[in-house]
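Remarks on the structure that follows.
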Amino acid sequence: MLDIKFLRTNFEEVKAKLQHRGEDLTDFGRFEELDTRRRELLVQTEELKSKRNEVSQQISVLKREKKDAEALILEMREVGEKVKDLDNELRTVEEDLERLMLSIPNIPHESAPVGETEDDNVVARTWGEVKEFTYEPKPHWDLATDLGILDFERAGKVTGSRFVFYKGAGARLERALISFMLDLHTDEHGYEEVLPPYMVNRASMTGTGQLPKFEEDAFRIESEDYFLIPTAEVPVTNMHRDEILNKEQLPIRYAAFSSCFRSEAGSAGRDTRGLIRQHQFNKVELVKFVKPEDSYEELEKLTNDAERVLQLLELPYRVMSMCTGDLGFTAAKKYDIEVWIPSYGTYREISSCSNFEAFQARRANIRFRREPNGKPEHVHTLNGSGLAIGRTVAAILENYQQEDGTIIIPEVLRPYMGGKTVIK
């Protein structure tokens, strides 16, 4: 959520920056109307309440003096009715304003490339050499099915499309990657491990920006009004909702493994085979709470931490600086890390690393004090995938495949795989 005072005093500047996102700003113009009316109603209500108090005191005086107070009593009733009507209108205006504020996306950072679509994203850097195959590389779903380590068909029978059973060496590879990533981020990168709930309430989904705008993308448990988490970012960020932190606690860095659940409502017909786009998938998420002046340095560190996973796995990748039209709703700046997938002949996203500045913290009321008695300020929050496990499995299967269909296990994972070197 944006700062309403900043929006009020910089309305045209904010509008111009949001236009770079390519957002429909039809409702945005109502901000000035609603904000002005809200302030008018506050003034009118306070004036009438003040008058009501004065009249009440006058009535008390007249009654003590045993004088007729009927006219003033009628006047106070009229004032009370007006106050009630104004309070009702104020409540409606504030609810409308709140809904509008929750629907306004974050302001792009000045360093985000200006553009409309993913074609306008900018390559920040690349790492590793793309392998040249002397044979036609197989897609990971064919490799895994032939090896008996992934079973999409039976998962479709048990649940439906976009689900999978991991079996044997496939299940162990998934588990190895989870442990490897958590060990790396906690032991070498300084994150504290967190294992979060997989269900959250509506306030949590609103705090991180999934609601109200993207409710159709979420799996909701109607009986409890809980939501299955689309990412560990949601519960982990909301750990500190409605809290005031001390300056000494910052930065806070969490690494959280979780399963993630997404309806993929807007992805019909895309990536229908394999592990790239599943309704349920595993991910290690990195979440940070930092002082505002440190957040862009911390974004670079977070992105580097996610990159390190791919470097140790020796998987070629590139880092994209996302343009203003491809930032997503909550980010002020975002990097996507894309790993090379041979069967696609291109790079595919495996991590998004974002700085939300105070956007989430304002929605979730997460603040800190620089001094013990200082005025609370909103922290800046960041998060990034470190990494998406299923897509990492897909990248390993395809990049490490041999002509006979076996898979070389990356050296860094072998201790987690019982010393095995090949999946066959």
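The chain as shown is numbered from 1 upward.
Each Cβ is built from the backbone N, Cα and C atoms, and glycine gets one as well.
What Swiss-Prot lists as L-serine binding site is THR231, ALA232, GLU233, GLU285, SER385. Annotation note: ALA232 (L-serine binding site) sits in a coil segment as assigned by DSSP.
DSSP assigns SER352 (ATP binding site) to a strand in the three-state reduction. The ATP binding site feature in Swiss-Prot is assigned to ARG262, SER263, GLU264, GLU349, ILE350, SER351, SER352.
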Item to check | Spatial neighbours of THR231 (L-serine binding site) that are distant in sequence (at least 6 apart) but have CB under 8 A | outcome: SER258, CYS260, LYS283, GLU285, ASN383, SER385
Checklist entry - Looking only at GLU233, GLU285, GLU349, the binding-site residues on record, which one has the least crowded Cβ, with the fewest other Cβ atoms within 10 Å? => result GLU349
Item to check | Protein Cβ atoms within 10 Å of SER385 (L-serine binding site), excluding its own | outcome: 26
Next on the checklist: Please give me the CB contact count at 10 A for SER351 (ATP binding site), counting all chains in the structure.
Outcome noted: 29
Next on the checklist: With the ATP site defined by the record as ARG262, SER263, GLU264, GLU349, ILE350, SER351, SER352, how many Å span the farthest pair of C-alpha atoms?
Outcome noted: 19
Checklist entry - How many Å lie between the Cα of GLU349 (ATP binding site) and the Cα of GLU233 (L-serine binding site)? => result 17
